[in-house]
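Feature annotations, courtesy of Swiss-Prot:
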type: BINDING; residues: 272, 275, 307, 314; note: [4Fe-4S] cluster binding site
């Protein structure tokens with residue numbers, strides 16, 4: 001038993017599918033997605049944006065395919081990307097057929113506008129022929145007309161019924177490489193819909209609060225909605241939808257997972273809001289560190305506390321810690337133990353060098369363990 005059972009999250013049991021070379025569901029890590037917002041026909045701009053997202057750790061990227069020109073550009077985009085590409089399809093089912101042929105790893109279809117069961121069957125045939133997965137993307141803003149008439153408004157029962165109807169369409173075609181989302185911009189509606197769907201099916205679930213808003217408001221809304229579900233063990237992949245750069249969606253997605261100890265990437269900073277007791281400018285220091293340590297992918301914890309009230313206690317729980325002291329000298333903790341002091345003028349560069357050295361040490365140890373495992377085989 002864990003020594004901290006109150007921190008344990010038991011994930012919902014789900015089937016594992018493959019989206020390109022990324023496993024989704026089962027015991028696979030919860031993957032982080034985003035979506036490009038460049039014109040897809042501008043392949044170079046789209047590829048450049050994908051590269052920026054890859055640099056911050058994105059696992060899967062969705063690309064909108066509204067017309068033939070976009071699916072024509074998709075082939076070059078898929079070839080240039082290092083992560084699997086998901087084609088976002090609405091209204092025109094033939095775009096899904098073209099995207100599958102262009103190398104998309106997954107086809108996102110919307111039950112509210114993809115069309116008849118015959119069209120869905122054609123999409124399934126294309127997916128099978130090209131080794132694509134499918135995401136059934138139900139959205140409260142584009143529910144089928146008959147479901148709106150039946151229920152009077154978007155509600156959990158309506159979203160779940162839409163999802164179940166389209167799951168059956170895929171299963172009737174003997175297709176099982178699919179994941180499902182039941183998104184809404186209303187957190188209550190989205191959470192209730194996902195919880196109901198999670199009880200009804202065993203397929204992987206793609207989490208998201210759609211049209212969440214700008215960077216701050218959308219982050220809060222997504223953290224509440226997605227975080228609530230993850231805390232309940234629900235969710236196999238996620239996308240934080242923000243009116244912001246896609247790279248920010250990836251960062252927020254990882255921060256939600258980090259907060260719940262479900263997946264860690266990069267430096268997790270514990271810092272105080274600062275007050276008159278601070279021995280150095282905490283806000284300025286943390287901002288600078290977040291920028292200078294953004295390239296670190298290795299999971300490391302770092303505490304930056306302005307004074308000795310909580311500083312030593314937080315430092316005991318992190319890999320590296322700094323606590324503000326008097327006369328411009330600050331305590332540095334390594335692995336929870338007081339190690340040395342550092343002066344104001346040298347502190348920022350010193351912390352960066354400590355984190356980089358710790359990351360290199362961890363990666364070297366990982367490589368050593370991997371080599372030993374390979375040798376043993």
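Placement of Cβ uses the backbone N, Cα and C atoms for every residue, glycine included.
Known features from Swiss-Prot, placed on the structure.
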| residue | record | Cβ neighbours (10 Å) |
| --- | --- | --- |
| 272 | [4Fe-4S] cluster binding site | 21 |
| 275 | [4Fe-4S] cluster binding site | 10 |
| 307 | [4Fe-4S] cluster binding site | 21 |
| 314 | [4Fe-4S] cluster binding site | 20 |
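Residue 275 ([4Fe-4S] cluster binding site) falls within neither a helix nor a strand when secondary structure is assigned with DSSP, and so counts as coil.
Report note: the [4Fe-4S] cluster site is defined by 272, 275, 307, 314, and the residues of the same chain whose CB lies within 8 Å of the CB centroid of those residues, excluding them, are 273, 274, 277, 278, 282, 305, 306, 309, 310, 311, 324.
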